[in-house]
Amino acid sequence: MAFNSIGRFAQSGILRDRMIPRVLAAPEDALLDQRGHLDPAAVLRHALCDEKPGGHGDRAGAAAAVELACWDLAAKLNDEPAYATIARRFGRDPAPLVSVYAAGGYYYPGGGLDALRDEMRRYLDLGYDAVKMKIGGVAQRDDLARIEAVIDVVGADRVAVDANGRFDRAAATRWAARLAPYGLRWYEEPGDPLDFELNRAVTGCYAGTVATGENLFSVPDVTNLVRYGGMRAGRDIFQMDAGLSYGLGEYVRMLELIEAHGFGRRCAYPHGGHMINLHIAAGLGLGGCESYPGVFQPFGGYCDGCVLCDGQIVPTDAPGFGLERKPGLGELISELTR
């Protein structure tokens, strides 16, 4: 259904050998809601039958693929975009626009500062007004030079940096001190996503925004982040991703949890720059989502019908998540479903 995170790519065996046979063996009416429509939650329950809790790993992504496919099908049966189906199911009006930012700034072989600046200019030319780049892959002095090069093009308050969980507590807090003077948009996933004490140490010493959560795959994980991670209402960002965490139903429960603790859903920016999370952000009225216009093709970025201007995007009205309309992806789906 979508790309996921580094090092996770074995969901097909879980789906083929465990989850899909359970769903196919279930009585037909056990997969339907009271109106006789396909029920994503019921399908997920059968897919996860007899699975032990915890230790989520690839299972969370495999289950999400099944559950999100049900949402895609439900929207197509209604001949409407997924964001409309999602909004109606959860009693909301869909957002007319979604804030998006361009994620890139990787450590490309042979890429220097000029190439990095050119990459960021391309994102601005496409209509994005904020960007994200990686840090922690080279010496700190070299990374700071990279950050300053991007700031020169985009402006400090529109640049987020992402450490991909690389740092221990000492390094994470040292980096926080070095980043503070820049006034960046946010400092993302400084350390191991389950090291809530590390996250609390960073939020305790860094006045800027901290973003994390993309590698938390369940409501209990997010509960622990809220309880112990030092997240600050009105400042910090939650990046959980339905495609990595058992699907939309679990993701909505995560939103309900953070809202119950004083965090508005506008602080939710799902990880994963693809069509699925664009529809989820629109349907649930989230703060925005990420986009990968230059990497992770053919999933990254959005289909040609999505209108992007000044960092705001309008999803298309194609039925479902519109994956078939994405250049390069539609052909792949056709090949797989012959």
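Every residue gets a Cβ built from N, Cα and C, even glycine.
Annotation comment: TrEMBL describes Lys134 as active site, acceptor. Under the heading active site, proton donor/acceptor, TrEMBL lists His271. Taken from TrEMBL, the feature Mg(2+) binding site covers Asp162, Glu188, Glu214. As annotated by TrEMBL, domain 'Mandelate racemase/muconate lactonizing enzyme C-terminal' applies to 113-209.
Within 10 Å of the Cβ of Lys134 (active site, acceptor) there are 19 other Cβ atoms, across all protein chains. The Cβ of Glu188 (Mg(2+) binding site) lies under 8 Å from the Cβ of Lys132, Ala160, Val161, Asp162, Ala163, Val210, Ala211, Thr212, Ile237, Gln239, each on the same chain and at least six residues away in sequence. Surrounding the centroid of the Cβ atoms of Asp162, Glu188, Glu214, where the record places Mg(2+), the chain contributes additional residues within 8 Å, namely Lys132, Ala160, Ala163, Asn164, Glu189, Ala211, Thr212, Gln239, His271. Between the CA atoms of Glu214 (Mg(2+) binding site) and His271 (active site, proton donor/acceptor) there is a gap of 6 Å, rounded to the nearest whole number. The residues of the domain 'Mandelate racemase/muconate lactonizing enzyme C-terminal' (113-209), classed with DSSP into helix (H, G, I), strand (E, B) and coil, number 56 helix, 13 strand, 28 coil. Lys134 (active site, acceptor) sits 14 Å from the residue listed as 'active site, proton donor/acceptor', counting Cα to Cα.
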